[in-house]
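Reading through the structure tokens given below for one structure.
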Amino acid sequence: MKLFSCLMALLLFLLQAVPGLGLPRDTSRCVGYHGYCIRSKVCPKPFAAFGTCSWRQKTCCVDTTSDFHTCQDKGGHCVSPKIRCLEEQLGLCPLKRWTCCKEI
């Protein structure tokens with residue numbers, strides 16, 4: 001699994017180095033969260049759906065057995081940047097710049 005992550009990071013770096021060959025933004029975000037883009041609308045276990053990839057044509061699936069957890073898995077709530085958290089919490093939110101809050 002570590003080798004695959006390293007290879008994906010290298011591929012992402014090379015794609016960004018060549019003008020015009022960058023990944024779509026949603027795909028880059030998925031890979032940044034150690035996710036995988038699949039064609040199915042449902043992720044296989046132990047993966048959880050976490051947004052989209054390839055211009056919303058594929059589903060981003062994040063491994064739930066890793067250290068990366070969605071905000072709701074940890075009992076938090078994703079809030080927009082306009083809302084201040086009383087207590088922030090670690091966790092991934094599907095929308096860019098949103099924050100995972102334990103208490104709002």
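Backbone N, Cα and C atoms are what each Cβ position is placed from, and that goes for glycine too.
Annotation note: CYS60 (disulfide bond) sits in a strand segment as assigned by DSSP. Of all Cβ atoms in the protein chains displayed, 24 besides its own lie within 10 Å of the Cβ of CYS60 (disulfide bond). Feature annotation from Swiss-Prot assigns disulfide bond to CYS30-CYS60 (among others).
In the three-state DSSP reading, CYS53 (disulfide bond) counts as strand. Neighbour list (CYS53 (disulfide bond), Cβ cut-off 8 Å, at least 6 residues apart, same chain): PRO24, ASP26, THR27, CYS30, GLY35, CYS37, THR59, CYS60. Residues annotated as disulfide bond in Swiss-Prot: CYS37-CYS53 (among others).
The feature disulfide bond is assigned by Swiss-Prot to CYS43-CYS61 (among others), with similarity to another entry given as support. Neighbour list (CYS43 (disulfide bond), Cβ cut-off 8 Å, at least 6 residues apart, same chain): ALA49, THR59, CYS61. Secondary structure at CYS43 (disulfide bond), taken from DSSP and collapsed to helix, strand or coil, is coil.
Positions annotated as signal peptide by Swiss-Prot: 1-22.
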